[in-house]
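Listed in Swiss-Prot:
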type	residues	note
SIGNAL	1-20	signal peptide
DOMAIN	46-222	domain 'Collagen-like'
COMPBIAS	50-65	compositional bias 'Basic and acidic residues'
MOD_RES	87	5-hydroxylysine
MOD_RES	99	5-hydroxylysine
COMPBIAS	204-216	compositional bias 'Basic and acidic residues'
COILED	223-254	coiled coil
DOMAIN	260-378	domain 'C-type lectin'
């Protein structure tokens, strides 16, 4: 009788979800306990005995197998939105849309940066030389020029007067022994001895020994004072010759020549082609003018101004166009080209392979067949 209230109490204290399992367990226990109190036997053999006393609770049985899964519950509330996933790959390019209408013209842009300056145009042809201007006032006397170079050696002068007698020189060194001298004189006759018996004639006596050589005389040196006087006389003559030659050169060069250092520029005032001018200067023992400095170029400018004619110079670019050289083939060490020159713009006259100098000292390339003033360099 106590089993029923006990079972109810256990059921009330268990959670609802384990109610089915407990009922099954309880049912199994009740049957076991009933069999323990009353000897059970098959119904065929007779009635069961009366109930005995309640036995003690047996040991806990093993855990039964899990039950069948329950029915699926209702869907829960939707969770919160998760974070934004990574960007997907670009889709394929769609077909181009239809061309839109032309929009209105935009405002004009700011002006661009000015472009670089263009190349300088070719220089115009050289104009003709204008008429000579009126002579200017006489200039001031220039500074004294440099002493000219030593002139050529003159012819031998007349023999000068004999110099003064020099002083006696110091004694000379002792000379080497001289050769054997001549035989010495015979000795003095001795006193006559007593007359002896006349013997046979004796043999000829030997040659006597050479006598001693006399001392060598002293030799005098040339007079130093006289030599110095001769040198001073020659120096004075050279200075007088240089001065006379310098004056002669100035007279000879004026007005158609100029001297610069060791060079002399000379003109006859006539005009020739370049080739003819070369021949004229070569036959005269010189060459065409080749200015190698500003000073030499200025001297040529003075000659050209005096003649009022442009003159040919010796340089050409016949071998290599644009590369002017001296007659020796050397490149130029000095040049004074006019602006835009050389330009080889010969026009109908042909290539400009020669050089001319104007009265202002500027150079211009010119056709070699033209006529220009001839200036030779010596």
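Using N, Cα and C of the backbone, Cβ positions are placed for all residues, glycine too.
Mean per-residue pLDDT, taken over the coiled coil (223-254), amounts to 77. Across the range of the compositional bias 'Basic and acidic residues' (204-216), the DSSP-based residue counts are 0 helix, 1 strand, 12 coil. With helix defined as DSSP H, G or I and strand as E or B, the domain 'C-type lectin' (260-378) counts 27 helix, 36 strand, 56 coil. Look at residue 99 (5-hydroxylysine): DSSP puts it in coil.
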